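Handing you this structure, nothing more for now.
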Ligand SMILES: Nc1nc(=O)c2c([nH]1)NC[C@@H]1CN(c3ccc(C(=O)N[C@@H](CCC(=O)O)C(=O)O)cc3)CN21
Ligand SMILES: CC(C)C(=O)C(=O)O
Ligand SMILES: [Mg+2]
């Protein structure tokens, strides 16, 4: 087996100028495909609240759900580093709760690292988790758990003050002990400058080409949702189209009676079934007989 990716692998990739590949995964089957395809990092993103659960934000996602998906992704992964998002309210209340929850993701969910959103105001939380020997990935810029504070999913750091604040936060996260950080929804030039100023690798999503790596939500890059196409998403496949075609063909064949055919059916020697048909019932139909329909409820 190819060597497992660790936080040290990622630092070496930055130092040698090689890009880091990261994609979200939520289950073992997709994780296995992405791992074999060469992902360096698999992110069990709290975006699962939107793409798996159908919510309109990531806020309702719970710790138990992140543990469940993290374990599933872990089982499908051989080489990639599995990073699991800390969900909303699992690290904001107190340092103690944050360390305990990060510990659950690693101990119960078998994550190799955790990710949390926020800047300098979370430096104490991050250093406490790192002190517990749990690697932490930061996440700055467009931080979806702050959707109400941001007033929507809006690009961050467009003016000089906002850009400087994000750079300060990035430096604070590096000092606090993050091994890497996600930069989401910031202008290309800010992505470039932060990447240049940090010794830890930056992973961009809508943060331009100068980041040390890139991450996308797997369903976005695979083209699963024709109604979701923000500027930073590139579709490398049209799974929505392929799947619609595939299940459509299946439904047509079922309706036409051409599936299953002989090739997809089990054969045996000729068999004569000897079990007698049931005796006609003599009892009066009991309560609920009506609901059972004409076959069982039929008068005798
Ligand atoms: N499927 C999916 N992909 C994601 O990238 C993603 C999620 N879900 N859920 C969690 C967050 C939410 N994200 C989002 C959601 C919407 C936009 C969006 O609509 N952006 C517009 C407007 C940007 C602006 O006004 O500044 C765009 O065109 O990029 C961006 C990021 C990123 N994350
Ligand atoms: C988009 C990535 C960075 C993320 O945090 C998620 O998928 O939840
Ligand atoms: Mg997330």
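FYI, residue positions are counted from 1 along the chain as it appears here.
Note: Cβ is positioned from N, Cα and C throughout, glycine not excepted.
Just so you know, TrEMBL annotations are computer predictions that nobody has curated.
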Same Mg(2+) site as 46, 85 according to TrEMBL: which of 108, 117, 121, 160?
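So the Mg(2+) site in TrEMBL includes 46, 85 plus, from the candidates 108, 117, 121, 160, 117.
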Which of the three DSSP states, helix, strand or coil, fits residue 115 (3-methyl-2-oxobutanoate binding site)?
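SS state of residue 115 (3-methyl-2-oxobutanoate binding site) = strand.
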Per DSSP, to which secondary structure element type does residue 184 (active site, proton acceptor) belong, with helix, strand and coil as the options?
strand
Taking the Cα atoms as reference points, how far is residue 117 (Mg(2+) binding site) from residue 184 (active site, proton acceptor) in Å?
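That separation, Cα to Cα, works out to 10 Å.
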Just going by other Cβ atoms within 10 Å, which of the binding-site residues 46, 85, 117 has the emptiest spot?
117
Determine, to the nearest whole angstrom, how far the Cα atom of residue 47 (3-methyl-2-oxobutanoate binding site) is from the Cα atom of residue 85 (Mg(2+) binding site).
9
Less than 6 Å between Cβ and the nearest atom of ligand 3 is the rule; apply it to the recorded positions 85, 115, 184.
85
I want to check the contact list for residue 115 (3-methyl-2-oxobutanoate binding site): same chain, sequence separation of six or more, C-beta distance under 8 angstroms. What comes out?
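Sequence-distant Cβ neighbours: 43, 83, 84, 85, 86, 136, 137, 138, 139, 182.
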